[in-house]
Amino acid sequence: MNAILQFGEWNPQAVREFKGRLKGRNITIAIAASIVTQALLMFVCISELPTLGSSSYSTYCIQNPEGYCSAIDWAKWWFSLFQFLCWLLPLGLVIGSVYLLIEDLSKEERRGTLNFIRLTPQSSQSILLGKIMGVPILVYLAVALYLPLFAIAGISAGMNLLWIVGYILFLGVVSFFFSSAALLMAFLKAEQPWLGSFCAAYFVSGLLSSYFLFFEADQTSRNATEFKWFILPLGQSYWVYQSFVLTTLGVGCYWIWQALNRRFRNPNATILSKAQSYGLVTSVQLWILGFIVPLSEHEVALAVVTSLNLFGFLAIVSAITPHCQTCLDWARYRHTMPHRRSLWQDLVWGEKSPAIVAIAINLGIMLAIWGTWVLTWPSYAPQWQSLAILIVSANLILVYSAIAQAMLMNKAPKRVLWTGLTLSTAVALPPTLLYLLAGPLGTGTLTSPILTTLWFASTFSAPWFVVESISGLSVGLAILAQWSLFGLFTLQLSRKFQQVGASAAKTLTGTSPITAQPKA
């Protein structure tokens, strides 16, 4: 009883969720569903067993020299059941938890009870942890009833008990990671539980596929021994790989919870602060670099990375860009705030300032990390061309960011939709037009200086296809064109903010364009 009271004092939100869900009828349904599905699973598996003395082929049959089934390979049968449970438990746990969490948080948001919860003296971590522990409690109960069968199947198949315990730990960390991501999706107005469950199932399937590909692979093979993160030999030890996966998920949970704490207390805040974005970009780029460094085909790997960085940085733009009205208020009242920071400090660290400078700093972090690696390439590798492509790709992301910021500052209806369509057009249209000019409508080649320069300046990642024909002139013209576009959009933003700031100053001083005219 004392333990229950202490738990209630530690996390009242979890107790509230338990009381709402742990009803007799709900518990009975969860237990019955778990037991019935286990019975059906065992029935299906038993039906796969061969008949002793038969000549028909079966995976679980040990045949005698005459070709008849003389014995059943029970270890193989149990291992098949164990493998199936290794897939079933994570998928069932994650899909059920994600669906219930998004549905519950969306319902609380619609009813207005979430705002009431925000007013309680509990910390955001306590409330959200209570949600994760309490909302899917019936799913946890149903999965927990599977664990005895899971352990029996693993031990009967000859699995190490420590491996089974390690997999259960992996199961818990994966569930916590995706449950945290589900809460963040709900705070970002993703109110469709089925969509969150589908996304979770997709990513969990990919994670499990890589997990079991490693487990089933021969760890003495060439591919396994070369699978490294920097110099860490992930492919030579299951426990090293397991520790790396758990650490990666733990770091991912840390960044998700940074965003959760911000959005829970202030739904209008950006997903991440500018300072947090610098740390996130650094950690993600170093994490990716660790897999790329041991590879031999550097140019191909870097081309893939630059393509991934496009989508990653567009996500960063949306995560740290304040609302239009917030930016306008910053421009209007910044100079009136006591103890205000300098303009550059505000652009680098401020919560309400535009994100252009912060995006440029994040791109600088990316260039520093990947540029340093490129400089370590052998002398025969295309070092300066690769550095040029990295710079041009970063400039292009900066141009996209300026376009997004300029369009989001307009008070037009559906500006977010129009911004997305404009960015999609900016990414897709140039390569389409250049392909038509070089192919059906043109010379059939991209080696002409003009087309190469245009291709280099306006098409993301495509410069890797013309890396051999890149010249210093093409690089210079491409960078000049990109910075001209960037300057055009930033000039428009600057004028917008200056107009807002000037109008605010006139309002505060009691002047207007009419009253401020000099007397004749």
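Placement of Cβ uses the backbone N, Cα and C atoms for every residue, glycine included.
The shown structure was predicted, so the numbers you read here are calculated from the model rather than taken from an experiment.
What TrEMBL annotates here:
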- 27-49: transmembrane segment (TRANSMEM)
- 77-102: transmembrane segment (TRANSMEM)
- 132-155: transmembrane segment (TRANSMEM)
- 161-187: transmembrane segment (TRANSMEM)
- 194-214: transmembrane segment (TRANSMEM)
- 238-257: transmembrane segment (TRANSMEM)
- 278-296: transmembrane segment (TRANSMEM)
- 308-333: transmembrane segment (TRANSMEM)
- 354-375: transmembrane segment (TRANSMEM)
- 387-409: transmembrane segment (TRANSMEM)
- 416-438: transmembrane segment (TRANSMEM)
- 464-489: transmembrane segment (TRANSMEM)
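Relative to the transmembrane segment (238-257), the listed stretch 161-187 leads the set 27-49, 77-102, 161-187, 416-438 in CB pairs under 8 A.
With a cut-off of 8 Å on Cβ pairs spaced 6 or more residues apart, the transmembrane segment (194-214) and the transmembrane segment (308-333) reach fewer than 3 such pairs and are scored as not touching. Only pairs six or more apart in sequence are counted, and the transmembrane segment (387-409) with the transmembrane segment (308-333) gives three or more Cβ pairs under 8 Å, enough to call it a contact. For the transmembrane segment (278-296), the partner stretch with the highest count of Cβ pairs under 8 angstroms, out of 27-49, 77-102, 161-187, 354-375, 416-438, is 354-375. Remote same-chain partners of the transmembrane segment (354-375), defined as residues 6 or more beyond its termini with a Cβ less than 8 Å from a stretch Cβ, comprise 274, 277-278, 281-282, 285-286, 289, 292-293, 298, 302, 305, 309, 313, 316-317, 320-322, 327, 330, 344, 347-348, 383, 386-387, 390-391, 394, 397-398, 401-402, 405, 490, 493, 497.
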